[in-house]
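Per TrEMBL, domain 'Pre-mRNA processing factor 4 (PRP4)-like' is recorded for 173-224. Positions annotated as repeat 'WD' by TrEMBL: 339-385, 386-427, 428-469, 470-511, 512-544, 555-589.
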């Protein structure tokens, strides 16, 4: 050990080691360090004198002993290694906020000095800064750091838990199934720049939040909705009255012989040579091209909505929006009788087939108020009313036997009435919207209906089943008509087209782009169906070949839309009625 004695800044330092020090560089370093230490010590003694040694800095500095390396530096005499110097008291370290200490310091500084009684410049500046708002002192508000930290930790834990659940969820690798799953959850099936792998991860992430059972639940809901829809779309049957069974048996016995007769006539026509058929067809087409208007009559003060020839082609019945129905002689167009009974727009009036006595029911009419009335040829008052409809009845049609009457209604149904028992024997539903038109098959076994749901249906009257569903029109169907050949059906729609359906293979045979506006009526020639007649809201009626569906003649002359038309039973006359309150008769020259 080396001990250096120093008595002051000018005192020489001597080595107190038992042996001579052979390291002059160490001595120089010790001398320089000791001198610097004495300067610092004297500075501290001058700045903070206290106690009994306040006036004796040498006494205060004599109490310090410092050890440098292996040498002990002392003041005023050498000190032994065994002597312990006084312990230096460590300053208190505060952990946390020093707000309270700062408050105490500011309050102490704000007090005036006891010597002068006035505040110092520093105190005055601090007070001015506080009043100006430049120095902000907390008013006791605390920030609950621990709660915020706990919330953040909770969010992090939830995110880790979500990722853990996502790793355990199994997602199909089929992109179609992934898209179906996203669609079932109400999410977009794809986003910009997303590939199949990204889409799969997005589905996995969504399932980790909503739970894997959400997809199963949505699929169950879809299956339940699909089953409910299938159940609603299925044709259902209910038990009918006893006279319905009797009527169906009667219809079967009536239709089968007529069907056999029709097939026999078809076989006979098959034996006719092609040259004979072509010659007859050319003569017919020539006559149709020469159709001209030879009679035009103002039928009412309101638009004429319907016209129909009698079975003997000698009388024409017209229906008007004024509520009046009128009978006209053919071909001179003289008024025979005015039928008064309806109070609102009359939708249709049709003659009953196979009427023997003029006192029997000969006509049936319907109106927008749901009323259906029966008429004879001897009175201008209705002989009977058919009650049961509460909505608009746009069309009525007679069964070929004359025993049954069919009516359509805007309550999405159609009904079949038996005049022999004077009862409603069938109330048939099946259309999703209003049913507008109805027509019976020439054999009497089938009936066709067209509705505003743009679909048509063919019903078997003997069983009550829907045997054919006519799907293809884009808008409402306003007219249906069977061909006399028994296997063709024409429908007119608001999509400006007329479709011809083949009943034997249940498909659409041909679509005729007939007019430039909605079709209000379609009619086949009632004898052998060799031409088709269409009327539309473009103020014209057109004649088309059958088969071939080529236009033969355009019947132009009405100033308003054509609302109805008919062909006489002998096929020689064509009648059209219009919104311009007139009806016209067309005949070949």
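Cβ coordinates are placed from backbone N, Cα and C, and glycine is handled just like the others.
Caution: TrEMBL annotation is automatic and unverified by curators.
For the repeat 'WD' (428-469), same-chain residues at least 6 beyond its ends with a Cβ under 8 Å from one of its own Cβ atoms are 235, 237, 240, 248, 251-252, 254-256, 258-259, 262, 391-392, 394-401, 406-416, 475-482, 484, 486, 489, 491, 493, 495, 501, 503, 506.
According to DSSP, the secondary structure content of the repeat 'WD' (555-589) in residues is 0 helix, 21 strand, 14 coil.
Cβ atoms under 8 Å from those of the repeat 'WD' (386-427) belong to residues 240-241, 243-244, 247, 250-251, 254, 258, 347-355, 361, 364-374, 433-444, 447, 449, 451, 461, 464 of the same chain, restricted to positions at least 6 beyond its ends. The list of residues near the repeat 'WD' (512-544) in space but at least 6 beyond its ends in sequence, with Cβ under 8 angstroms from a Cβ of it, reads 281, 284, 288, 291, 475-476, 478-485, 488, 490-500, 550-556, 558-571, 574, 576, 578. According to DSSP, the repeat 'WD' (470-511) comprises 0 helix, 24 strand, 18 coil.
Residues 287-288, 290-309, 311-313, 316, 318, 320, 328, 330-331, 333, 348, 517, 520-521, 523-527, 533, 535-543 of the same chain, all 6+ positions outside the repeat 'WD' (555-589), place their C-beta atoms under 8 angstroms from a C-beta of that stretch.
Helix, strand and coil counts from DSSP across the repeat 'WD' (428-469) read 0 helix, 24 strand, 18 coil.
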